[in-house]
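Working notes, beginning with the structure itself.
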Amino acid sequence: MQIRDAIITVTNRTDLSQDDAAAVMEQMMNGEATPAQIAALLTALHFKGETDAEIAGMAQVMRAKSLAVPHDGGVVDTCGTGGDHSNTFNISTTAAFVAAGAGATVAKHGNRAMSSKCGSADVLEGLGVNIELDAEGVARCLRQAGIGFMFAPKFHPAMRYAGPVRREIGIRTIFNVLGPLTNPARAEYQVIGVANAGLAEKLANALSKMGIRRALVVHGSDGLDEISISASTLVFDVRAGATPQASTISPSDFGLSLAPREAIAGGSVEENVAMTKAILEGSDTGPRRDIVLLNAAAALVACERADSFGEALRQAQQAIDTGSANQRMQRMIEASNG
C-alpha cells in the first residue's frame, strides 16, 4: 500500500492491516513519503484511533531499522509510554538497577523527559552514566554490568524523516507508543507502563502480534504508567501468539502499604538522582522503595527469573539489602565511561 492510499483509507475511518501499516512505515522510514504525507497520516490515525495491528506493523519496521545491540539473549526492558503527567521520580529506571541486581540482564531504552521534569536519560546522566554510547558501548555495559542504556535518538537514524514532522504537528501520535516497542536490543522480555487502560490492552495485543517472548503491560488505576503504590494496577500478561491475560494486583497483596501519590513525587534531575541513590543504598525504606520493588518484581516475572510476584519481590528486596543493586549502578557508570 502506498502512503497516499493509506491516508485516504484512514481518513475514511477504515483500519490498516498489519502488513499495510508496515508498508507505509517503510516509506516513512526510507524517506519516500513527503513531510505533508507523514503529517496527514499521523493526524488521521490519531483521530481514527490506532489499532493493535497498526501499532504492531509500524513497530516491527521501526525496530528493524534501529541500530542493533549485540548480546547473548534473555534481556529485559523496563519503560513507560509517558503521558501520565504524574511527575514521579524515575521509578522504572531505579527498578532496572534492582532487577539487574537480582540477576536480570536489562537493556533499557529511553529518552529525555517527556511528561516530567526528568526522564530516564536525564537521571542516568545525572548519576554519571555516559548516555551517548553506540551499540558496542551498550553491549559492553550489558557484559560488564548486566545493564545498559540505549539513548533513543542515537539508535533510530531512520526517524530523521518523521521526527521533525511529529514535533511540528504538536499532538500525540502513534510514535508516542512505538518507542517502548522498538528496543534496539530486540529485548525478548519487557515491562511496559501505560497511563491509559484502553491503550494498555492495545499494546498487549500488539506485543503478542510482534512475537514477544513474554511481557507485562501495566496500568495503575490512578493513571500511573507504572505498577502503583497508591492504587490497584491492571496487568496484562503477554506471551507470543497467545491472548493476553488480564489481572489486577494491589500493594496489599504483597504486604505493602498504600501511599499517597505525593510520596513518590519527583523533582529536578538532582533531586531524582538523590532519590535513586537513597533507594539503592538502602537508606530510603519508605513508599519510594516499595514502588521500585513492585516494578523491579514485574521485570523479574517478565524475564522468568521468578515464578510469582511474591518470589520476585523477595528477590528485589534482597538485591537492595545485599548492595547488589547499588553495585550494578556503579558498574554501569564505570562500564559506560570505559
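Each residue, glycine too, has its Cβ placed from N, Cα and C.
Swiss-Prot annotations:
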BINDING   G80, 83-84, T88, 90-93, 108-116, S120  5-phospho-alpha-D-ribose 1-diphosphate binding site
BINDING   G80, N111  anthranilate 1 binding site
BINDING   S92, E226  Mg(2+) 1 binding site
BINDING   R166  anthranilate 2 binding site
BINDING   D225, E226  Mg(2+) 2 binding site
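Set side by side, the binding-site residues T88, N111, R166, E226 differ in how many other CB atoms lie within 10 angstroms of their CB, and the most is found at E226. Distance noted between the C-alpha atoms of R112 (5-phospho-alpha-D-ribose 1-diphosphate binding site) and E226 (Mg(2+) 1 binding site) is 18 Å.
Comparing Cβ neighbour counts within 10 Å across the binding-site residues S92, H109, R112, D225, the minimum falls on R112. With respect to their backbone Cα atoms, T88 (5-phospho-alpha-D-ribose 1-diphosphate binding site) and E226 (Mg(2+) 1 binding site) stand 10 Å from each other. Nearest neighbour of E226 (Mg(2+) 1 binding site) by Cα distance, taken over the binding-site residues G80, N111, R166: G80. Looking only at Cα atoms, G80 (5-phospho-alpha-D-ribose 1-diphosphate binding site) sits nearest to D225 among the binding-site residues N111, R166, D225. Here the C-alpha separation of S92 (5-phospho-alpha-D-ribose 1-diphosphate binding site) and D225 (Mg(2+) 2 binding site) works out to 10 Å. The DSSP secondary structure for R112 (5-phospho-alpha-D-ribose 1-diphosphate binding site) is coil.
In this structure, the CA atom of H109 (5-phospho-alpha-D-ribose 1-diphosphate binding site) is 16 Å away from the CA atom of D225 (Mg(2+) 2 binding site). Residue pair N111 (anthranilate 1 binding site) / D225 (Mg(2+) 2 binding site) shows a Cα separation of 16 Å.
Separating the Cα atoms of D225 (Mg(2+) 2 binding site) and the residue listed as 'anthranilate 2 binding site' is a whole-number distance of 22 Å. Counted within 10 Å of its Cβ, the other Cβ atoms near G80 (5-phospho-alpha-D-ribose 1-diphosphate binding site) come to 27, all protein chains included.
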